[in-house]
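Working notes, beginning with the structure itself.
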Amino acid sequence: MKVAVVGATGMVGEVMRKVLAERNFPITELIPVASEKSVGKEIDFNGKKYKVVSLETAVAMKPQIALFSAGGDTSKEWAPKFAEAGTTVIDNSSAWRMDPTKKLVVPEINASELTKEDKIIANPNCSTIQMVLALNPLHKKYNIERVVVSTYQSVTGTGVKAVQQLENEYAGVQGEMAYKYPIHRNAIPQIDVFEDNGYTKEEMKMTRETKKIMGDDSIRVTATTVRIPTVGGHSEAVNIEFSNDFDLNEVRSILHNTPGITVQDNTDTFTYPMPLYAEGKDDVFVGRIRRDESQPNTLNMWIVADNLRKGAATNAVQIAEYLVANGLV
Ligand code: 2RA
């Protein structure tokens, strides 16, 4: 398999390369693609060196799969060019996610929708992926009516400039700002731009993408998304109202038996998920599972995942693995 990684030198691109290697994805040739200033640079992959090429060169090399993480504008312009050349694109930007002609895929939930005709496949937003992975099996059992979610998101979701801002502020060094405000010792209740309804785009992604991935427009989702000075992953406090009542041990057992989820939930031993320990792992971690005692049929839980892994690179590579395993590329 010839595989292009578009945005290969970026934060997600780097993790994509790592995850492809770790999971022994059947690659015969890696095509690292980046902006003009990185063209010609050498990148190590599985003990071999590969030269970074431009988008034009990569299209002409006709990879079977291209993993994109280079921003919405690049995806809008270049994903169709790759698709026309016969490449299947798995795109990590928000460019195609809500396009009704494109699939938005979390493999454990809806990979079975994919066909050979899907030439541009959208990888969902990081904070959505980790939430829906835990919601989906519970929805099947108890039927979700409404979700109220508050996020505590890692600076790695913004990129390398934000990680640098946090490090500079921590060290007391002046530098470039990725955010409008300091992030060290702060919590910024704005992720992405504001929409007309007063919500941020990140908040609306969680609302819209959840319905599309879970294939159910009736699920109501309201979100508050917040950037905090952490790097290991995104955390989410999620309140879920079901149509039907549930048993807490059954909830734990359903989550425990869901591929991709690790339950860490024991108050006696102070066991619960934290981003520091989720970093570098592919699973979504769920804990603090408890009944919302303020109203019937309602559950609270805490969900943590490495946003660069299951929230981005790992999910994209899992989609690619599904395509290969099912002869769709
Ligand atoms: C963030 N959701 O954390 C974004 C990254 N895709 O900012």
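The backbone N, Cα and C atoms fix where each Cβ goes, glycine too.
Those TrEMBL annotations? Automatic predictions, nothing curated.
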NADP(+) site partner of T9, G10, M11, V12, K37, S38 (as recorded in TrEMBL), chosen from N307, N326: N307
Can you list which of the recorded positions R97, C126, Q153, R227 have their Cβ under 6 Å from some atom of ligand 1? C126, Q153
Out of R97, R227, H234, give those recorded positions positioned within 10 angstroms of C126 (active site, acyl-thioester intermediate), comparing C-alpha atoms, in sequence order. H234
I'd like the Cβ neighbour count for R97 (phosphate binding site), meaning other Cβ atoms within 10 Å of its Cβ, all protein chains included. 22
To the nearest whole angstrom, what is the C-alpha distance linking Q153 (substrate binding site) and R97 (phosphate binding site)? 20
